[in-house]
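As recorded in Swiss-Prot, the features of this protein are as follows:
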- PHE14, SER15, GLY16, GLY17, GLN18, ASP19, SER20, THR21, THR22, CYS23, LEU24: ATP binding site (BINDING)
- CYS195, CYS204, CYS207, CYS210: Zn(2+) binding site (BINDING)
Amino acid sequence: MPHNQQIKKTVVVFSGGQDSTTCLIQALTQYDQVYCITFDYGQRHRAEICIARRLTITLGAYDHQIIDTSALNVLAASSLTRENIIVPLAEKNHMNSSLSTFVPGRNIVFLTLAAIYAYQVKAEVIITGVCETDFSGYPDCREKFIQALNKAVNLGMAYNIHFISPLMWLNKAETWALADYYQKLDLVCNETLTCYNGIQGKGCGFCTSCSLRARGLETYKQQPKLTMSSLKAKTGLP
């Protein structure tokens with residue numbers, strides 16, 4: 001790299017799940033230094049923290065911070081933070097399921113802390129794997145929320161940070177195609193943790209998260225060329 005060329009840096013909000021791992025894989029091809037930030041909020045599927053740590057090493061992130069946000073567990077009752085609240089089955093209505101698994105304020109906290117981290121390391125981009133195409137039950141996964149918080153953070157910190165959500169308008173099949181585009185399909189399939197019940201890889205097979213993941217993979221395997229073509233049309237990938 002020429003001496004006078006600016007180093008491109010980004011912070012990836014990283015859980016070790018399918019979506020954030022796919023975002024990390026892509027970011028590593030686009031930035032010189034990729035910083036990851038993971039949050040420990042007492043989630044019942046907290047095995048994801050160990051998986052996130054391992055994946056950042058395997059994939060080659062520049063740095064990885066694990067931040068204690070246990071206040072979320074105290075304040076936000078959810079089936080993801082309370083053992084006495086049952087994780088709903090995928091057969092239930094998706095919108096009703098989202099009410100149980102929604103952790104109020106989670107992405108507000110995560111993205112704000114990621115912005116502070118970005119400020120410290122002088123990164124101007126934050127990447128988050130939120131998506132509202134397949135499952136729009138969470139209000140803090142909507143594009144208009146991401147844009148609004150981005151504006152508020154920039155005003156509050158007097159620092160120009162750009163929140164990017166590369167998966168926002170991709171369906172799950174296209175997200176699998178993106179992992180395959182970077183030749184990491186097997187890694188994402190076997191080494192990530194998306195399951196609400198904390199089971200790596202294919203997961204429990206019963207929760208909404210596992211169902212969406214499995215259906216997306218099945219669709220991609222049935223129509224790989226069509227799905228890859230759709231991905232490229234949406235993203236501009238060559």
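Using N, Cα and C of the backbone, Cβ positions are placed for all residues, glycine too.
Shown here: features listed in Swiss-Prot, placed on the structure.
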residue : record              : Cβ neighbours (10 Å)
PHE14   : ATP binding site    : 32
GLY16   : ATP binding site    : 25
GLN18   : ATP binding site    : 25
SER20   : ATP binding site    : 25
THR22   : ATP binding site    : 27
LEU24   : ATP binding site    : 25
CYS195  : Zn(2+) binding site : 23
CYS204  : Zn(2+) binding site : 17
CYS207  : Zn(2+) binding site : 24
CYS210  : Zn(2+) binding site : 20
Expressed in Å to no decimal places, the gap between the Cα atoms of GLY16 (ATP binding site) and CYS195 (Zn(2+) binding site) is 11
Argmin Cα dist to PHE14 (ATP binding site) over the binding-site residues CYS195, CYS204, CYS207, CYS210 returns CYS195
Cα nearest CYS207 (Zn(2+) binding site) among binding-site residues (GLN18, SER20, LEU24) -> GLN18
For SER20 (ATP binding site) and CYS195 (Zn(2+) binding site), the CA-to-CA distance in whole Å is 13
Three-class DSSP assignment, CYS210 (Zn(2+) binding site), comes back as helix
Same-chain, non-site residues whose Cβ lies within 8 A of the PHE14, SER15, GLY16, GLY17, GLN18, ASP19, SER20, THR21, THR22, CYS23, LEU24 Cβ center for ATP are VAL12, LEU55, GLY129, THR192
